[in-house]
Structures are given as structure tokens and as C-alpha cells.
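Asker: After the C-alpha cells below, expect a handful of questions from me.
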């Protein structure tokens, strides 16, 4: 079903080309880039998953990752939560429709969705083998904010934290873009929080590039917890 621009009480509003290109973007947390879970609206009007917000509030002087204003505990985004419960999207595997609140649990067990992901990964691998010059470099990365480059993953995280912590520009994550499932055109609205939450570990240590992203993330989370 088509998604309509939401008001300030529902969360960050998309309009124009951005809304048309990503009609479900208003249901996506700018930190974890997943459909909101227990969405909470903070005083500046932006919305985060409850768990993501708790992480963002940990620094001594927390700021909103979207607008960089002072961050404070928010209130439950009841209207947005209602819309997530009532808005449908389709599974790319079985093509059945599900409410946004149910789609994440569904794709975790849908064999057709797993096949869809594997076909995409295999196609990417096949194309890369035919065009070796286009194989992404997964060892060093450029900074998406400035001309600096040749960072390893940990170096890029540290550089962005030290140099670009107040930069509000939406940028493409070079680490995600290098993955077989990565979208080189997807711009994170909150790259600093994203890179700190999703890329504190080394993909080369944990990742089997022959599996899909869902399985990969589960493996990474399990192994990273064991290493703590």
C-alpha cells in the first residue's frame, strides 16, 4: 500500500522525490536502518527505535544524530506505531503481503525469501567474477565526508568519530556498499551512529560472503557477543 507523508507527531517527514524513491523510508530508524521497533519521538521531532535511542543517550552530551540538537528522552510515537501495524509491504520471496510490524519475523523463516537473497548474492558473485576490476575493495575504505581514503574498517570508524561527529550530511556507507547485498546508492541519514553500531567489528573476521545478510548478521552478533 502506498505510504503518505507523515506529520511531525509521527516522525521525520519525507516529501517530493525522496518520498517517491523510498515510500517506506518514514518507517525506517535512521540509526539501525530497520523498521522501527517501539518507536520513540524525541523533543526535536525525530524518531528512533527505543533500543537505538538508549544507545544514543549514553554519551555525556548526547545529540540527535539527524539534526545534531541536544538529545533527551522522548515519548512513545503511538501514531507511528499504529501506522506500522496497519501498513503492508510484500515479501520479495513469496510475494505475500505482511504488515510492517510482522515482515521482519516473516523473512527470517521464509525459505523463498532466503532463496531470493541467495540468488542475488550468487548473481553479484558471478558478475564480479566476469568483471574482476569491479570487485569491491573490502579491506580499505574512503571517508564519505572528506577526500581522506585507505582506512581500514576500525580506522574509518575512529576517523569519522573524531573528525565528522557533527557532520549532518546524508552519505553512503562505504562498508555496507562493498558487501554483496549492499546498496551503493542508499544514503544513511545518521551515518555516525550507523557506523558505530553496525561496524565496530571486522567483517573479514566474521563474514562468509557466500551467505545472505540475515544469516551473516546473526553469525556476527553471536560471535561478537562471545568475544566480549
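Even glycines carry a Cβ here, placed using N, Cα and C.
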Asker: In Swiss-Prot, which of 71-90, 91-110 is tagged zinc finger?
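Answerer: In Swiss-Prot, the zinc finger feature sits at 91-110.
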Asker: Going along the chain, which residues six or more apart from residue 112 (N6-acetyllysine) have their CB under 8 A from its CB?
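Answerer: The answer is 91, 93, 94.
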Asker: Could you put numbers on the helix, strand and coil content of the zinc finger (29-68), residue by residue per DSSP?
Answerer: 7 helix, 8 strand, 25 coil
Asker: Just to confirm my parser: what is the rounded mean pLDDT across the zinc finger (91-110)?
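Answerer: The average pLDDT of the model in the zinc finger (91-110) works out to 84.
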Asker: Using DSSP, would you call residue 106 (Zn(2+) binding site) helix, strand or coil?
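Answerer: In the DSSP reduction, residue 106 (Zn(2+) binding site) maps to helix.
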